[in-house]
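Over in TrEMBL, the protein carries these features:
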BINDING   THR7, SER8, ASN9, LYS10, GLY11, LYS12, SER68, PHE150, GLY151, TYR152, ASP153, LYS173, HIS178, ARG179  substrate binding site
BINDING   GLU38, ASP67  Mg(2+) binding site
ACT_SITE  ASP67  active site, proton acceptor
Amino acid sequence: MKLILATSNKGKLKEVREILPEYDIVTMSEAGIHDEIEENGTTFEENAYIKAKYVCDRLGEVTIADDSGLEVDFLDGAPGIYSARFAGEGATDKDRNAKLLSMLEGVPFDKRTARYVCSIAIVYPSGEKHIFTKTCEGYILEKEIGGGGFGYDPLFYFPEFKTTLANVPLDTKNTVSHRSKALGELKKFLADKR
Ligand SMILES: O=c1nc[nH]c2c1ncn2[C@H]1C[C@H](O)[C@@H](COP(=O)(O)OP(=O)(O)OP(=O)(O)O)O1
Ligand SMILES: [Mg+2]
């Protein structure tokens, strides 16, 4: 079965293709849509739906989208839904990680708890929609470790792995991540629907 994926994030795309090998994942740009979709919702769920709905309306095909981010407890849940934008337009993963580190300067390890959140929306041309949300709990380190994953992964320490999600193979990250768990719910839903 073909699923359009409404994202322009290559890290997400790689993970979604690994986690859903039984689906033919076609990106919005492969389907001819190059628009920047305004993420003006107030929750991960709303933003995931906004992205999937936008692309589904244009293509008339079943579309999924991922809205995700990092909630840091010491920062009262920031950057949250602003995780991609909180260091401004044109910023890189490196810039965002540097900004996050500066905001946590001097904060001891046990107060650096954080979680990733991932909402996966699926929208059908009929208007049917479903949204699945999962989290992944960890700590923000004081320096980057590892070259894998993407985004905040070099700073995201996962206790059971005793290292960051950037310092384990992708298939290992995919056994515990917010994204793999939310996509697992989607998989169950799609299997039940058949
Ligand atoms: O597993 C992850 N490992 C590391 N970082 C992560 C992860 N999951 C989300 N993140 C970060 C990346 C980005 O800074 C933000 C998502 O923002 P978000 O708007 O959902 O994605 P995006 O703008 O990069 O691509 P798009 O909206 O086209 O899907 O959270
Ligand atoms: Mg985005």
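Using N, Cα and C of the backbone, Cβ positions are placed for all residues, glycine too.
Of the listed binding-site residues, namely GLY11, GLY151, the sparsest Cβ surroundings within 10 Å are found at GLY11. With respect to their backbone Cα atoms, SER68 (substrate binding site) and GLU38 (Mg(2+) binding site) stand 15 Å from each other. Packing around SER68 (substrate binding site) is summarised by its Cβ count: 27 other Cβ atoms lie within 10 angstroms of its Cβ, all protein chains included. For the substrate site, whose binding residues are given in the record as THR7, SER8, ASN9, LYS10, GLY11, LYS12, SER68, PHE150, GLY151, TYR152, ASP153, LYS173, HIS178, ARG179, the maximum C-alpha distance rounds to 21 Å. Shown are the binding-site residues GLU38, ASP67, ASP153; of these, the residue with the fewest other Cβ atoms within 10 Å is GLU38. With respect to Cβ neighbours within 10 Å, the binding-site residues THR7, ASN9 differ, and ASN9 shows the lowest count.
GLY151 (substrate binding site) sits 20 Å from GLU38 (Mg(2+) binding site), taking the CA atoms of both as reference points. Sequence-distant neighbours of HIS178 (substrate binding site): residues of the same chain at least 6 apart with a C-beta under 8 Å from its C-beta are SER68, ARG115, TYR116, VAL117, CYS118, LYS134, THR135, CYS136. In the three-state DSSP reading, THR7 (substrate binding site) counts as coil. Filtering THR7, GLY11, SER68, ASP153 by Cβ distance to ligand 1 (under 6 A) retains the following binding-site residues: THR7, SER68, ASP153.
ASP67 (Mg(2+) binding site) sits 11 Å from ASN9 (substrate binding site), taking the Cα positions as reference.
GLU38 (Mg(2+) binding site) sits 20 Å from GLY11 (substrate binding site), taking the C-alpha atoms as the reference points.
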